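The [4Fe-4S] cluster binding site feature in TrEMBL is assigned to Cys645, Cys651, Cys685, Cys689. Among the features that TrEMBL reports, siroheme binding site is placed at Cys689. The domain 'FAD/NAD(P)-binding' annotation in TrEMBL covers 9-283. Positions annotated as domain 'NADH-rubredoxin oxidoreductase C-terminal' by TrEMBL: 320-387. As annotated by TrEMBL, domain 'BFD-like [2Fe-2S]-binding' applies to 425-472, 488-537. Marked as domain 'Nitrite/Sulfite reductase ferredoxin-like' by TrEMBL: 563-627. Annotation comment: TrEMBL describes 636-773 as domain 'Nitrite/sulphite reductase 4Fe-4S'.
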Amino acid sequence: MLAPTSRERLVVIGNGMAGCRAVEEILARDPDRYSVTIFGAEPYVNYNRIMLSPVLAGEKSFDDIVINTTEWYADNGIELVSGDPVVGIDREEKTITSQGGRVVGYDRLLIATGSDPFIIPVPGKDLPGVISFRDMKDVDTMLAAANQGGDAVVIGGGLLGLEAAHGLSLRGMKVTVIHLMPTLMERQLDEAAGWLLKTELESRGQTILTGADTAEIYGDGKVEGLRLKDGRDIPASLVVMAVGIRPSTALARTAGLAVGRGIHVDDHMVTSDPAVLAVGECVEHDGQVYGLVAPLWEMCRALADGLVAEPSGYHGSVTSTKLKVSGIDVFSAGDFSGGEGAEDIVLRDASRGVYKRVVLRDDKVVGAVLYGDTADGGWYFDLLKKNEDVSEIRDVLIFGQAFAQGGGRADPKAAVAALSDDAEVCGCNGVSKGQVVATIENGACTLDAVRATCKASASCGSCTGLVEQILAVTLGDDYAGERAVKTICKCSSFTHDDVRREIVAQGMKSIPEVMQKLHWTTPDGCSSCRPALNYYLLCAWPGDYVDDQQSRFVNERLHANIQKDGTYSVVPRMWGGLTNPKELRAIADVVEKYNAPMVKVTGGQRLDIFGIKKDDLPAVWADLNAAGMVSGHAYGKALRTVKTCVGSEWCRFGTQDSTGLGVQTERMTWGSWMPHKFKIAVSGCPRNCAEATIKDFGVICVDSGYELHVGGNGGIKLRGTDLLCKVATEQQALDYCAAFIQLYREEAWYLERTAPWIERVGVDYVRSRIVDDEVGREALTSRFLYSQSFSQDDPWAERAAGKDREQHAHLGEFRPIELLAAE
Ligand SMILES: Cc1cc2nc3c(=O)[nH]c(=O)nc-3n(C[C@H](O)[C@H](O)[C@H](O)COP(=O)(O)OP(=O)(O)OC[C@H]3O[C@@H](n4cnc5c(N)ncnc54)[C@H](O)[C@@H]3O)c2cc1C
Ligand code: SF4
């Protein structure tokens, strides 16, 4: 139908969610002002794009998601030109041209072209069967592929990718999700919630590969599979790329409009040309671009107000997200990156799979992440948007709106006091409230005492808070909250030993899993517990645990020692303290090439190259590697050096080949991560020139064999070794050494050196495990050797090969787009 010519002509480019909504808002204010023509590239009427996921999952049909039917366009005198994209704008003439050759004049032009999916520039990206997830055509392609069955790969573990994976999985495909980052939906979820999500999706049969980078998609004429940069190969008849979106700005840019990341608009959605408006995902307002619908509703209101009524103006949006995967409740809003001044309130309920985190700054909610129970998401979001002071309800905020606004304002201890005596407090040990109270009344006045007496809170620890409240209620002012138990850190009520035991008992293999199951009170732990957990996990599960680089101190992350001027020192390994011309030449070359101001012989008989700039580290490692040298781990909580004397080969007093044994010992033990640094020495006779009696493990060769010494330390608190035992052969010396190291690795607390550990447990205990228990010793030795089969990869070689740099370069290619919120 042709609109009356007296009306102003409004042409809309884009028949999507924002374009049509803007028209609806304008019509609601002044239905007679414009004659409207809408051009859409897709051959459909306006539909609800966010419901494509339920269509894919089979929960809705296309008809269910249509927003405006053909009748709506007709009833409102709107001409819809669908399936015919606009290809040019002439701002001088005020006309647009469509691909089909239509030229239409306008008084006002509205650009609502949405976004283009980002396609990773990998080989094979153009093969048939590689698609994005953006429109109805993509859904049809996926449904056709699913009808054939087979394997699908979804690249991108953001909202969109996971919804695609869910749909394809429900349609019967075997789905693998490949995500570059370590955490799924990292823009919306923190590590803890991301881990819960991953666990849930895996339990539904999907394969989730995090930290996985695509090298290529391959196939003969159509997609057949995908190869990762680490060499893994995944067969696939369909590859869905859902790695992010970019505002669709090409048309606006060609027309000479101001464009940054999106089309620049003011508060009334007017572009740099007063006759041209823009709205939706294609725009940039006040430096922000958006990838969710809530902001575009607000933009459309502001646009219509500005065009036909009182200008209200758009002032930016705060967004929240939910994942539309049935049975998985995830909510996230605002800023949960933490940082200076941010405080976290965390609630974890391991058995229900619930994780809630509210982030406060200056007593205001600034972010929230909810997993498993999202009922209060809207309430937190409201508090956040209104910037409300929550200091009054802070204690009970995390329990949700009902509690905070109802009885929860009352003393939280009242709820504990009201518990009946037979209410179960400690599920692990079946202890009731009455038993805990009786224990306290009988003299157990601290948490430790309660744990020791009635076992409440002594196992998984999830009831620790409740037991402490019962202590407080029962003892009143006499309870000072004192705990003799030394917990791993302030984030947990567990001791180091508890954590180690539970990691093994519950088969836990990642830091987020430990934090969720052991009820950590902070979202991601702290600088004390993270490195400890990382170590405990790698010690318990050497073959299965993937190292968490972020949980290592800077020296271990950069494989060098940071020095006081910010430069690094680098120590190559010299087996048993031996070296040769090739190694010396390589070291000399590195010193010259990188202007290292100093080279020093260390106390452990290695050469330490000082003053290397951080940026030069990979090149230094590469050069030293090329000469066959590997990292000396001088930076790590790890085996450092095996110091030797010259022994029988050269020395007049030597009875055994101490140098040879030192080399063998170092070859066996290098690369091993430990609770703290670990040093070994081998001396060729009791004169002990290698100073073996102040080392963590020392060997003194004597006429009849080898004396093994343990627990020495030359640090601040000098400690001479204890004699462990004497053995007859070199092989025994090696086996006992491995067993001792493994016992230390398995039982000492992180950052506890052998000297304090032995003083804590007693040398008799160590003897009973290594000397008296032959079967136990052999088991320790073999566990050590097994773990070494995973740890003797040279970290320098990996980094010099550019493993992490490659990852960062890739990130730089496309991650900066904030729009990934819509993934
Ligand atoms: C599968 C999926 C699930 C989503 N889930 C959610 C969710 O749960 N929550 C949420 O808030 N958001 C979600 N989103 C994002 C949401 O759909 C977008 O924010 C919203 O659609 C943006 O509206 P828009 O009008 O700016 O762009 P679009 O809705 O994409 O509309 C743009 C339209 O312009 C057309 N067009 C482009 N160029 C031209 C041209 N030259 N000529 C004519 N027409 C052209 C396009 O074909 C398209 O139809 C989801 C997106 C997808 C793809
Ligand atoms: S420890 Fe004995 S064998 Fe070794 S260098 Fe000294 S004197 Fe010689």
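Keep in mind that glycine also has a Cβ here, set from the backbone N, Cα and C atoms.
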Maximum Cβ pairs under 8 Å to the domain 'NADH-rubredoxin oxidoreductase C-terminal' (320-387) among 425-472, 488-537, 563-627 is reached by 488-537
Near the [4Fe-4S] cluster site, what residues other than Cys645, Cys651, Cys685, Cys689 in the same chain have a C-beta no further than 8 Å from the centroid of the listed C-beta atoms? Val646, Gly647, Phe653, Gly654, Ser658, Ser683, Gly684, Arg687, Asn688, Ala690
Report yes or no: does the domain 'FAD/NAD(P)-binding' (9-283) come within contact of the domain 'BFD-like [2Fe-2S]-binding' (488-537), defined as 3 or more CB pairs under 8 Å with a sequence separation of 6 or more? yes
Students should find that the Cβ of Cys651 ([4Fe-4S] cluster binding site) has, within 10 Å, a number of other Cβ atoms equal to 16
What is the one among the binding-site residues Cys645, Cys685, Cys689 whose Cβ has the most other Cβ atoms less than or equal to 10 Å away? Cys645
Which whole number is the mean pLDDT over the domain 'BFD-like [2Fe-2S]-binding' (425-472)? 82
